[in-house]
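Undergrad: Quick paste from TrEMBL:
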{"type": "REGION", "residues": "18-41", "note": "region 'Disordered'"}
{"type": "COMPBIAS", "residues": "24-37", "note": "compositional bias 'Basic and acidic residues'"}
{"type": "TRANSMEM", "residues": "46-67", "note": "transmembrane segment"}
{"type": "DOMAIN", "residues": "52-226", "note": "domain 'Amino acid permease/ SLC12A'"}
{"type": "TRANSMEM", "residues": "79-108", "note": "transmembrane segment"}
{"type": "TRANSMEM", "residues": "128-157", "note": "transmembrane segment"}
{"type": "TRANSMEM", "residues": "183-200", "note": "transmembrane segment"}
{"type": "TRANSMEM", "residues": "206-225", "note": "transmembrane segment"}
{"type": "TRANSMEM", "residues": "341-361", "note": "transmembrane segment"}
{"type": "DOMAIN", "residues": "343-625", "note": "domain 'Amino acid permease/ SLC12A'"}
{"type": "TRANSMEM", "residues": "381-403", "note": "transmembrane segment"}
{"type": "TRANSMEM", "residues": "510-532", "note": "transmembrane segment"}
{"type": "TRANSMEM", "residues": "544-568", "note": "transmembrane segment"}
{"type": "DOMAIN", "residues": "639-748", "note": "domain 'SLC12A transporter C-terminal'"}
{"type": "DOMAIN", "residues": "769-1003", "note": "domain 'SLC12A transporter C-terminal'"}
């Protein structure tokens, strides 16, 4: 009793059969029960047969089988038609396997395929594919309506045509037919839309009738095929020469007949001659060729299959000819009376047949769309869908072979059955009458059209209610009971655009594209989830594999381009636009989708690859750690620092915005989160793409140190630190702020990281400002690996600085050859592909030596030797005044990056004084230190005068930043020195290299 249902329960399930998407009936019931306020009785849940198998069967078998299948076999031949069917059925079978895996991996609510894809691949893919699936379903509605009108006007009531086709030929007849399709199509669409709007309950009540029509039609064809084996139906075809004639306006397939011992002309004679007499003037082709009557349905045992095996593609307007019959055609004669012959209405080729046929295998989502109405969706969806596809595949494949075995090739190629007295070609094969198929196919196409108009608005409503596509939100609203009124209106408008195309053969490839794209993403979703092995991927359906999904995806993509490469590009363009739109404007959704998992896997792989070694000089770009400070309200004190970051980065590379908070993590965790939100908001406002990091520590110094040390991950580390010059450091109550700054300089030097320090940060431009003219001046006093050259180049990529010109100043001493230096520098910049004006500024040796003395490897060695041999103080001073090299030639610079200069401020810098033990020569040291400070300040003052003179009007000045003193007692003097050096300049960017080459002349 549990496993085998009783007859009563079977009848009950048949009575409750519905092929509508989930939610349709509930909306209707909600409306009906609104007045009574009774609790609605829940309809019995459906099993595999009623809930999945039959709806899928009904959706898959449809208009193409009845109207185009015979023509496809005639044009492409049995072999090619079989290949097309096999390809398309394989695609849907592989998609069904992937879909079954996704559908059984948890509960699938209303929305079916859209829900599955969006939750597996994320909102961007979900939205793009959901809209593609919606458009596919809508155009499918247009195709079914066009099929319905074609059956009505060609086979049921031809006399109902508004635009009469009698006596019209060629383009005129075609235009009249298309206009009839448009008029009647629009009327039928309006009627169907009203039916759906008034209530889907009516559609629901007719679902069983539509299903019965489909099944009866298929059975009638098989019965007819069996009957042809021993008693083929009589459907004669009249052939003149080898050209098939339209059997219309004549009764006997002969030129003349014998009647009462006299030869009498027939009605056929009068169609080709100007009178009924034997001496009449007739069409030359009619005179020169014989009339032959052949059997249209020779039967399954006739051996006609051999003739129909291979393709017979035709150009538009060519005659449908019987192979093997003789024909005499006068050379250079122009065909006349062409409307008497059966002609090819379109140019046919293999890829076009694929595009027209594919919609006949769509509809596999019918089960998954209604998962909420099923007793056990996770069991029913895979079994029902795969069984339905297997059944329909067998029907299609057998149909190809049986049509080729039973029907004459000329009749197969006759799309509208003109050679068999205007009968539907598949109907000629049916038993007991062609009308079984005609009426059955008419009702099934009507039903399919209604289902599309019911299903598509609900799909659009599901997408709109998810809120991922902002401009679709209006379509989420509807009637009080949830019926999607606005979505139905849009669906009807899009459907009307398909009906205005008016040709079934032109609409079919359009919806093929959208369905193929949808199926491709179903396969992609399954493959991604399987390959990532996400912990939540545990489908109950076990018979899937990523290779099958990948094969299905490849087949879908191939079929898209086989059907129509330009439609494929348009469909992909639409999907890409929707994807990008959702990415930029759509709501943030976290659905635990596979693409996020894929991103994590890709990021991990990329990070592991980055670990393999430091980046090449050509790939070096500043990966910036921006150190900002927060006020008491936890707002950023220097927002312009992020503006500068944006101008330096333009969205490329790594940016980490870090801030330090004082306290303990346990107590200050909420403040940390608040600070993080504040940073994110500012980063968004300043369009800085990157990450933010908040460190809480017992003191600010340690917190900043932690940020410098621990920022980044693996190979994705910052190589440059951007920090503000401490404001009002002289007047600060505690000296800790500027001491922390100097410690930061020391730490970045120790970590071999570059340091950028903007001074007067509030004067720097925001991202909205634009400099229309001006200069970026680089004062290149020592070589720091090329940072000074690279930064202006990067800044000028941004709109703010684009119109500024770059100038490079370098300092020459008295015994330098200034002209040669300028030439060398110009050549160097030319090789670096940097466009800049060059100027050499001459200064006295004693003015600049304190600043430019550099500890290269040689200087370190010299210092060690001096200490070892204990030279006298005066000798040491003389030794130290040997002029250091401040500029290297381009070739030397390129070849010896290891000798890159590092500036360090030391007590021994200017006078060679060795560090003295505590308690020795105190007075002498004190006097000496004051003297050296004085000399330093003099150097800074002289340099400042030169810089202000040349660069006061510059929009930005970039300067080398010397290292801090090793002896901590000179820290305040160091700050004073930097103040004196930059006095009178509006915007200054102090730059300290990271100890490696960052720019190269090589490609």
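For all residues, glycine too, the Cβ spot is worked out from N, Cα and C.
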Undergrad: Report, as numbers and ranges, which residues of the same chain sit near the transmembrane segment (381-403): CB under 8 Å and 6 or more residues beyond its ends.
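TA: Beyond its ends, the transmembrane segment (381-403) has Cβ neighbours at 48-49, 51-53, 56-57, 60-61, 65, 69-70, 73, 78, 81-82, 85-86, 89, 92-93, 96-97, 99-100, 103-104, 108, 218, 221, 225, 300, 305, 360-361, 364, 367-368, 371, 374, 412, 426, 429, 541.
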Undergrad: Quickly jot the same-chain residues contacting the transmembrane segment (206-225) by Cβ under 8 Å, restricted to those at least six beyond its ends, or write none.
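TA: Distal contacts: 14, 17-20, 54, 57-58, 61-62, 66, 233, 300, 395, 399, 402, 406, 426, 429-432, 436-437, 439-441, 443-444, 446-448, 450.
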Undergrad: Should the transmembrane segment (128-157) and the transmembrane segment (183-200) be scored as in contact, given a threshold of at least 3 Cβ pairs under 8 Å and pairs 6 or more apart?
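TA: Counting Cβ pairs under 8 Å, at least 3, so yes.
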Undergrad: Let me know the model's mean pLDDT on the domain 'Amino acid permease/ SLC12A' (343-625).
TA: 86
Undergrad: With DSSP as the yardstick, break the domain 'SLC12A transporter C-terminal' (639-748) down into helix, strand and coil residue counts.
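TA: So the domain 'SLC12A transporter C-terminal' (639-748) is made up of 55 helix, 21 strand, 34 coil.
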Undergrad: What same-chain residues lie close to the transmembrane segment (183-200): Cβ under 8 Å, and 6 or more beyond its ends?
TA: 20, 24-25, 27-28, 31, 141-142, 145-146, 148-149, 152-153, 162-163, 446, 449-450, 453-454, 457, 483, 485, 488, 492, 495-496, 499, 502
